[in-house]
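Student: Mind having a look at this structure? Questions to follow.
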Amino acid sequence: MSGIRKKPVLKNVSLFVPEGKIFALLGSNGCGKTTMLRMILGRLKPETGFIRVFGIEPSSTHSRIPGPGVGYMPQEISLIPEFTIEETLKYFGQIYHMDSRHLYDRIEKLFELLNLPDRDRIVRTLSGGQKRLVSLAVTLVHQPPLVILDEPTVGVDSVLRYRIWMHLENMCKTEGTSVIITTHYIEEAKEAHNVGFIESGTVLAQSTPSKLQEQYNCNTLEEVFLKLCISRYSRNNQQQQQQQYQQQQQQQQQQHQIFKSNTSTKTTSQFNGGTYRQKTIEYEPSINNQESNHHNHQHHYYYKEHKGEKITMKERLRKEIDKERLKAMIWKSYIRVKRNPFILIMFHMIPIMTITLFSLTILRSPHNMPIAIYPGDTHGGNLSKTFLDVMDDYFLKKRIFNSPEKALESVRKGHSYYGMIFSDNFTESFTARYIDVYRSSVDEIEIESSKIRLYPDNSNFIFAVYMRRAVLNYFEVFMRKFSTDLGYNPITFNLPIYVEEPIYGKMETDLGHYLVSALIVFSLFALPMVIGSLLIVMDRKDGYQERAFVAGVKPLEILSGHMLTCFVAVLSQVFLTLMLSFVILELDNEGSLLEIFILIFLQGIQGLSIGLVISTICVNEIFASIAVVSIILPMLLTSGSMWPMEGLPDILQKLIFLNPITLTIRSVRLVMLRGWSYQHFEVLIGYLTTTSYTFICFISSIFLFHLISNSTIRIPFLPHYH
């Protein structure tokens, strides 16, 4: 069955594949050939009926299919493009638990038999035909008793096609290997020992090529197939065709029983000391429930499931994670990173460049800010000049104008960010306001004339804030000088508010010091998330995953291999970034550098685990990239990293703690700016939430990966393996 509406792909199919022979399954594109193969491989299960390979149902407890019991060559190349030819064969040999000496001898033999290119050639540099040969070598490297080839000669020249067929025939004769091959090149199948025609999910006929040509009075297999198709779609001949086919199957079953009793043999495998009982591959549909129950009973006769026995967690874990296969997954990830150094370099350089540029820009106060000034004091006096002398030329670039209108025009035209206007009698009015404050003659005009009027350009908010703060600081210095020159105590003119030494932080701080902790956390969270979102997607794109599943690799092993490899990459990324931040750039830090390292490292692993979930459910890298951007931007805006959480709407303040990075940013900020440690709950909660999210996301990725990779239902926008 396939699809949400359960459209049948195969129906009323009955096949018997002889052992030690080449069986060709012929049919047009989309007729069900690949579906049939995936049932044999244990990647699909029939809704009704049964299928046995060497007497055992695939994917059952004692079956070695999927696994080393079969060699599978998919229609796509399905090789890891970054591997060399030798590395490719060693990689699959390790998955199959082959002894190193035997694997070496086998590789040497395959290079000689298939005339493979230089063993150090990278797969992506090979021609199409050479890749086909390497793919065939991978299929045969562990000498499986059953070889399944899906359209192996598509797109190859006639010489290479001939070489492939000659090698398959030689294997059947010398090693007793059973071969199933699908093709839509009908005349090519005349080299097979047995041929089956399939159309629209139904087997039309099965026999040797010569018998089929003789039976249907045709000169070629192509004519046989055409006649079968015409007969199938003809209502008058439909019943006759079905009866003829059933008689043919009964005769073949009788021959098969004789064949099994006379020629049943055992072939000892070359790996793990396993033994395969060479029986015919059988696939039968269930006619009714009674027959289905009968087959189920037969199924239990061949092997025991021991359903009553309880499986411990340790045994279940050992079944899901094999040490040799896991080592192969880690080695694969290492080689892919090694052959793509640019990705690894950028993975480390992006946060380093981000923090460096942040420290060179936002952490530095702006200077040389243009300010338009009309000094006034045309009626005599020099207080405005005294004020201007106090202003530092480094921070403010003073532009003096001879009229208020020209000074303001400079601001309007964007030449200056601030306008400062003194009145023409500023000195006289200012002195009267502060010295003669008790004199009854001080009126409104003098008070207005004593004001220093500021005209900011708030379109540049950052400049406006910094310039306003600078002018106020210069005014305090000016007042101290003014009172001292007149013989007064400077304290008299200070505001009665005094800011003491801060309990946490420094007296001189700004927004940059508040943001830098969030930037470090976010950059070291986002990059692993981006990388993680592409890991499974790229494996799926290369066609490698389906081949790995057939080889016996479990979803947990693939995810664990990626996780452990990226674990080291995240570790080095966090270490280098923190070394730059706190050792070279000397960013402010009042707490333990080790605690900051642990918190940010856990955050990076959390980002990686979220990325794996995205990679598991996305069809391709485009969907994965869109998903990452759709998640990262809301995370950044609602994490409290750019603006305090108290500034958010009430409903968001309650939901913000669901954001995976919110509490970690808060914890790192408290460690850096307050010097707190895990002994404070506000810091400890960062450890707990990050660890919890990582665990939940990794378990979710395992569940989703296993579900999707084994699902037969086609769900829009989700990856599909069948």
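First residue shown is number 1, and so on along the chain.
Even glycines carry a Cβ here, placed using N, Cα and C.
Unlike curated entries, TrEMBL annotations are predicted automatically.
The annotation domain 'ABC transporter' is assigned in TrEMBL to 1-225. What TrEMBL records for 253-275 is region 'Disordered'. Summarising the annotation, TrEMBL assigns compositional bias 'Polar residues' to 258-275. Among the features that TrEMBL reports, transmembrane segment is placed at 342-363, 514-537, 558-584, 596-615, 622-643, 684-708. Feature annotation from TrEMBL assigns domain 'ABC transmembrane type-2' to 480-708.
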Student: Which range wins on Cβ pairs under 8 Å with the transmembrane segment (342-363): 558-584, 596-615, 622-643?
Tutor: 558-584
Student: Most CB pairs under 8 Å with the transmembrane segment (622-643): which of 558-584, 596-615, 684-708?
Tutor: 596-615
Student: Average the pLDDT scores across the domain 'ABC transporter' (1-225) and report the rounded value.
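Tutor: That region's mean pLDDT is 85.
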